[in-house]
Amino acid sequence: MQLKIMPKKKHLSAGRAPLMLFLCQMISALEVPLDLVQPPTITQQSPKDYIIDPRENIVIQCEAKGKPSPSFSWTRNGTHFDIDKDPLVTMKPGSGTLTINIMSEGKAETYEGVYQCTARNERGAAISNNIVIRPSRSPLWTKEKLEPIILRNGQSLVLPCRPPIGLPPPIIFWMDNSFQRLPQSERVSQGLNGDLYFSNVLPEDTREDYICYARFNHTQTIQQKQPISVKVISVDELNDTIAANLSDTEFYGAKSHRQRPPTFLTPDGNTSRKEELRGNVLSLECIAEGLPTPIIYWIKEDGTLPINRTFYRNFKKTLQIVQVTEADSGNYQCIAKNALGAIHHTISVTVKAAPYWIIAPQNLVLSPEEDGTLICRANGNPKPRISWLSNGVPIEIAPDDPSRKIDGDTIIFSKVQERSSAVYQCNASNEYGYLLANAFVNVLAEPPRILTSANTLYQVIANRPALLDCAFFGSPLPTIEWFKGAKGSALREDIYVLHENGTLEIPVAQKDSTGTYTCVARNKLGMANNDVHLEIKDPTRIIKQPEYAVVQRGSTVSFECKVKHDHTLIPTVMWLKDHGELPNDGRFTVDKDRLVVADVNDDDGGTYTCVANTTLDNVSASAVLSVVAPTPTPAPIYDVPNPPFDLELTDQLDRSVQLSWTPGDDNNSPITKFIIEYEDAMHEPGLWHHQTEVPGTQTTAQLKLSPYVNYSFRVMAENNLGRSLPSEASEQYLTKAAEPDKNPTAVEGLGSEPDNLVITWKPLNGFESNGPGLQYKVSWRQKDGDDEWTSVVVANVSKYIVSGTPTFVPYLIKVQALNDAGFAPEPAAVMGHSGEDLPMVAPGNVRVNVVNSTLAEVHWDPVPLKSIRGHLQGYRIYYWKAQSSLTRNRRHIEKKILTFQGSKTHGMLPGLEPFSHYTLNVRVVNGKGEGPASPDKVFNTPEGVPSAPSSLKIVNPTLDSLTLEWEPPSHPNGILTEYTLKYQPINSTHELGPLVDLKIPANKTRWILKNLNFSTRYKFYFYAQTAAGSGIQITEEAITTVDEAVYPGISKLTTAAAETSANISWEYEGPELVNFYVEYGVAGSKEEWRREIVNGSRSFFGLKGLMPGTAYKVRVGAEGDSGFVSSEDVFETGPAMASRQVDIATQGWFIGLMCAVALLILILLIVCFIRRNKGGKYPVKEKEDAHADPEIQPMKEDDGTFGEYSDAEDHKPLKKGSRTPSDRTVKKEDSDDSLVDYGEGVNGQFNEDGSFIGQYSGKKEKEPAEGNESSEAPSPVNAMNSFV
């Protein structure tokens, strides 16, 4: 028979034999019951880096378990810490936890240091981590004088925070004087260092209360920096200031501050480095200034950012990668971009690692003469150093143990004895931290227990999976077997699946699956079994679904929902509106299978869902209601009633009173009822409770009252539209006190210790007390004895403890209420039990039946009820893998526990390892804990199929051969008989060739395949075999070489980038006549590669049509069957350059235009000459005033209009990023030529033909200001002179 191993669950084997499975050994920390002798285990300890509050007592935790109970000791800074000599230090009884009382006297700084706890008993000693105690610190800010900051609109700004250094570091935030957080955006944001960065300032940034706060969470204190004053001066304010000190021509132009490309405020330079530890959050930050505000982008060079671990914070200025690993090392690039350009910064990230576990040592439980191993395997960067200790002492100087051998990160134990029990510590450390793990070796034996409750009933809907529990435990490991029916028919694989926890699964339960199932657990110490019952029910169905409806406002609509269900199940039908509860409105009525909505309004529109629920399943169906407007008809106004008034109390008696009232207006809808509520001003002031309801035709009510209550009443009226507001409250009426009418409820008697009885009850509330002085009389006696009742009167509490009781004895209990007026009626007695104690007897006759290679069944005899000494919880099986049937198992041996509820006397052990040796025992469990273990029972599992070979590598490829190397399976599950190798060629279209089958001896780990085809890809299939069958195969592919001397490839890929193009070159080695292609794309994007074919076999290519200022990725490949691709390269094109000025003097249209202008001037001169000869005057001044100087109009880059003329130097290309300002001003640094050099004063101008008009020199009259320009229309010279 073959067993197919599946994740999380095991298939039952096929065949006629009963279905039997073994449970796999758990590879996890071993939990040994506390009633068994065992070395100490640290269960709780303070953190390694323990920062304490100096205002509170210091509590250093150290808790451990073991048997016998461990004793505790401490070291401080490597030496013994004598607790008895320090009056401020106390140790918690039964624990190693220290409390240092510094609140009464002493200082926290006195107790700074490194502490370590040791827990010791006769079986060994466990130690805690080194606990570093440091008091938290929250220092004040250093006093400093902060000068006001004044800057122009548009400039960048950094407000420093520089918080005091605290422990732990503080949380930084910026607020104003009103403790309101300052708004942040892409323009204004807080950096990781706490500074506040402005990419550019605006007038609204002006304020005098920029305050940096540091919050020290450990001490719950907040420190405040001195406020910083910032004033942003606009252009008008600057001009007002300048006007008072300069001439009236020296004013700012239209723009407050020039737009500029981005530059980084942080970090500095073009590159920086960042180091982070594995598992931490990697935070990278780039903050840029510029105008307009730059946008930040992030990419990773030669890689992509991890999708599920990458987050952007602070408006994308911060890149965070959580759970960082070594694979996240590399170069990260942040790019700041605005309309005027882009800049980037590269951050080189290195990820180091403190030690982390690969295999942590686990507790090892062995039987005498058994073998085992402790493995301590850790990794880190740099690689951690492994050291061992025994009972807290370095193993090199620890007492010698002949059964122990150290082999690096492994301790090997051979033929252990009871004296081999000890606690071993593994320490893995490097410069970034350490790991310390305790693992004990305990030399121990127990009979089977089934922990699942007996006769558990499982109900399942037909055609769904059914899961039947069989939790079990035993040592040796029990075998588990399942039977069905009274005759014990065995279960087989065709319809059953067994999970690792012993649960039997029926994947598709049918009606014939109904019945009783028996789980049997056996080992050599005994046997246990348990019956469970399975019932299969018909599914619930909606046979009449609600339908879509369109109704007019004010009408009535109904939805129908008829349900068919199993006759043994009781369904509940619930209606939902828009997936929520129906409105709390009387217009909605629900009967058996119908929902009716009366007087529909617009809010009633939506989706109505009918949900039918049973205890096993549910179904639903929905319909949409659309509400439309009705035909308009006049209608009276309807509303809820007005509140009643004139409340009056009459016939006031001890237990009753009559209330009367006057109804309010019913608002065209008759009142259907009145609701009366009361308030108890003595016990629950302000809370109103429902008293009673009366018909709408009645205006009086006789009310029943309780003693010792200060009553007030109010009334509400209700009609079909709803309920009125409450009336005014009536006068108060205080009733007389009386004895209680009732006794406490929920009376219980349970023991918390073996010798006590804890009696609890639910006390009466103030309303139920009926008077002052509420107390309780508690009475008890043994149920089966002749003792008299013992009574005690207690205050208004809810618990009383009776001490000195015998263990687990039934008691009769009564709790009676009383007050100053007398006793409540005699209460009924309830039964309870005194406290439980641990069971005294172990289960006997433990038996194990091996079902197959992964399943065993355990049976045992039940423990007598009297020896259980408590409520029977079930039986618990401890089982563990001891050794292989052929060789000693070198892996760590761990114990597994299965619990079977109730009185079951059998259980199944599924998931066992084939070809292995197991041990188990069984214990009984009550509410107090476990009883003694049964003697160990040992059994073996048969051989199984192996796992896949651990590795397969193909090395040394030649023209006609390949060498295969492999490692044997990690889980042979038996004796390997041979290996099977199958291989076949793959052609260029990925079609498979003929398959070759080859058998290889089991002792081989290397094989050479010869006579293969050259330059051919082969696919290999490889697996091992045992007597049980073939294992899982492993596959690999490899290629024979083309020529043993030539390995084709592309290397030395280089790029030379320009603004919109790039030249790509490379070197190639390999066969001739190869066709190349170039692939490229935008770096960091997910778009597909764009491909360009290279003509011929050239080793260079030019890319054109690229975007300026953009990072591109590029690679080169070869076409054909032996195609290969180079590694990727990244380059960036240059930023967009300013357009070169066109020499218009050589343009044909310009020459023609100049000829036309010259002709017009000639005609004008002739006309002027004629008029002058006639005595006329040429109005030069008027023409000058009427026309603006054409030479000061700038030439626009986009429309080709004329700008000002300059000398020959103006034909040089503009500097990178330069522009002529739109306000027609020119900075001095932009041009060294001044028009002043060409004429008189500052107003020298050029004529249209380029000649200088000297007669127009001299100052002009001031002209009105336009837009946001200065009051004088400036010439280039004026603008340059006015710039400050």
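Cβ atoms here come from the backbone N, Cα and C positions, even for glycine.
The annotation domain 'Ig-like' is assigned in TrEMBL to 40-128, 135-229, 261-350, 355-442, 448-535, 539-626. Taken from TrEMBL, the feature domain 'Fibronectin type-III' covers 643-738, 740-837, 842-944, 948-1044, 1047-1136. TrEMBL lists 1149-1170 with the feature transmembrane segment. Residues or ranges marked as region 'Disordered' by TrEMBL: 1179-1284. Positions annotated as compositional bias 'Polar residues' by TrEMBL: 1268-1284.
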### Query
Can you give the mean pLDDT for the domain 'Fibronectin type-III' (740-837), rounded to a whole number?
91
### Task
Determine whether the domain 'Ig-like' (355-442) and the domain 'Fibronectin type-III' (948-1044) share at least three Cβ pairs under 8 Å, counting only pairs 6 or more apart in sequence.
no
### Summary
Secondary structure of the domain 'Fibronectin type-III' (948-1044) by DSSP, residue by residue, totals 0 helix, 56 strand, 41 coil
### Message
Pairs 6 or more apart in sequence, C-beta under 8 angstroms, 3 or more of them: is that satisfied by the domain 'Fibronectin type-III' (1047-1136) and the domain 'Ig-like' (448-535)?
### Response
no
### Message
For a three-state summary based on DSSP, what are the helix, strand and coil counts in the domain 'Fibronectin type-III' (643-738)?
### Response
0 helix, 52 strand, 44 coil
